Amino acid sequence: MSATATAGPAAGRPRTRPGRARALCRVAPGALLVLLALGGPFLAPHTLDTPVTAPYAPPGGGALLGGDQLGRDVLSRLLHGGTALIASALLVAVAVTLLATLLGCAAVLRPALGRAVERTADVSILLPSVLGIMLVALAWPGGGRGPVVAAAVLLGVPYAVRIVAGAAAPLASSGYVEAAVSRGEGLAYLAVRELLPNLRATVLALFGLRFVEGVYVISMAGFLQIGPQPPAADWALMVRENAPGILLNPWGVLAPSLAVALLAISVNLAANSLAPQSVYKAVTFK
Amino acid sequence: MAALSRPAPLPRRAAPLPRRAAAWPRRAAALAVEVAGAAARRALLLVVLLAVVFAAVEALPGDAATAAAERGESAADLAARRHLLGLDRPLWERFLEWMTALPTGDLGTSAQGRQVTELLADPFPNTLLLGASAFVLTVVLSLALGCWAAARPGRLTDRLIGHAATASFAVPEFVVSVLLLLVLSLWTGWLPAVTVTGADGAPASWAMLIMPVVALVIPQTGWNTRIVRGALADQTATPHVEAAVLDGLPTRQVLLRHALPGAVPAIATGIATSTGMLLGGAVVVETLFNYPGVGTVLAGAVAARDTPLIAGVVICAGAAISLVLLAADLLRARVVGARA
């Protein structure tokens, strides 16, 4: 509810809106990193699962970043390890944004649904996302990435709906929407043709932040070993697996940690510059 | 809710001193009603969460009996274990029993057959200690940084704090932990790398708390600094703050006495909602530092696929978060009521 309160005219902060070139500069690192992670598997010098050096071997010989706990090449695993992580985070971001936009538009047009959404968000705030994902992923036989993504979507939607509803509420009482309602238009028409075009900036900002949140949640799950399972290469899982050998080959832990950090920061900067500042603020705020 | 419980402002302001003193018991009663109302609302939401968690555990495939099953166990063995754990009784009966047992501190039985309460009795206070230290430090730091940035709008300090906050809130806690561990422990040797547990089950030295707390504080401070900065920016645009500036009051006074009080509701909401992130992060950070908290218990629960134990942790965390949200509700109601 306070999302509406802060969505009002932006504060009297003297702030020049960054130009197109500057926005491009901010989006570039994120885009580059995503491209590198997606194309990484083709650049890897070694295969994923055959040992090329001694366990926890320091950098040298054929392995530029040394070996991991089984002597596999850290660099090759690093190049492979981002693809699934980024793809899962993107999937979470797209699914949450899509569901939240539709539900949010419906919530402002149907007050009963709106109240239900508010209560759901109130309840879901009591459940830390890490614990919620653990609960779902562990009760699911087989585990793996699927349940983690499903749980992340499920837990992300209520709060995101609240944001979209907060932004859509002032639109729903505007003249053109009331005119469409009195014309007798249906819910779907009202949501897609009347509300959605005016919510572009909010939805874009929401997508950016959900991607950031997706990277956070998916990598957290990987680190807790509830997402990808051991033979797979995954940055977060690498941090966990190689932590015991941090003294012998710090790169086995440092390289994937830095990769996750760089991904999170650059995606966040990109999300920050994609949307107008006032909208970004409304989305960040509770 | 705040609007309903707001005391009528005009008579109170107009009333002379003796009458205000006479109205004191009535105001205390109103306050008690308000606190009880807010607490009841939060408790209700917590009960709903419990119901959802219970239903989720039930609805998801796989239960405590299959989780603890060993390879080659026959269907009859499984059924016997299910009967032993009471899983063959109807859903509503078990839910009712579980809910009525909760107030007595009974959280059910883990997949290994031990009491969940017993498993969490030592670790949960440790996690609360970690989370509470990080919470206090986050509040202090984000208020200080947010105010500092707001005192110099658009200048270098403001932009630096803004960028640092934006960059830090996206980074997962385990990444911050790894970097801290490498720099502060392994390369310089200033702080112990793992937490050693003393005889009482708590960390043996306060120095072992430093790195886990810092790892939690950095991302959360980034997030909350943005909230404080944004709330202050909204306040500086209001007429009463503009009037204070035009009166020529010093920046510090305008910020702390005129802008900050109005920003308190937004800040309280923002910081209270980050409690969940703090507790979730604590679970992860503990795993890395071998801190004797819930995270270490959960790491075992993950391997054993022990859903009842995780549900127990969810309940404890939900209760802690409810308390912080309740405090934020009351603070917001007070501030809004006083300013009406």
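Please read every residue number as a count from 1 along the shown chain.
From the backbone N, Cα and C atoms, a Cβ is placed for every residue, glycine too.
Copied over from TrEMBL, here are the features:
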DOMAIN    A:86-271  domain 'ABC transmembrane type-1'
TRANSMEM  A:23-44  transmembrane segment
TRANSMEM  A:84-109  transmembrane segment
TRANSMEM  A:121-140  transmembrane segment
TRANSMEM  A:203-226  transmembrane segment
TRANSMEM  A:246-271  transmembrane segment
Long-range environment of the transmembrane segment (A:23-44) - Cβ separation under 8 angstroms, sequence gap at least 6: 73, 75-83, 85-87, 259, 262-263, 266-267, 269-270, 272-274
Stretch in A:84-109, A:203-226, A:246-271 most in contact with the transmembrane segment (A:121-140), if contact is a CB pair under 8 A: A:203-226
Folded-back contacts onto the transmembrane segment (A:84-109), same chain, C-beta under 8 angstroms, at least six residues removed: 34, 37-38, 117, 145, 148-149, 152-153, 156-157, 160-165, 167-169, 171-172, 187, 190-192, 195-196, 199, 203, 206-207, 210-211, 213-215, 217-219, 222, 227-228, 232, 234-236, 260, 263
Residues from the same chain, set at least six apart from the ends of the transmembrane segment (A:246-271), whose C-beta lies under 8 A from its own: 26-27, 29-34, 37, 56-59, 65-69, 74-75, 78, 81-82, 85-86, 205, 207-209, 211-212, 215-216, 219, 235-236, 238-239, 280
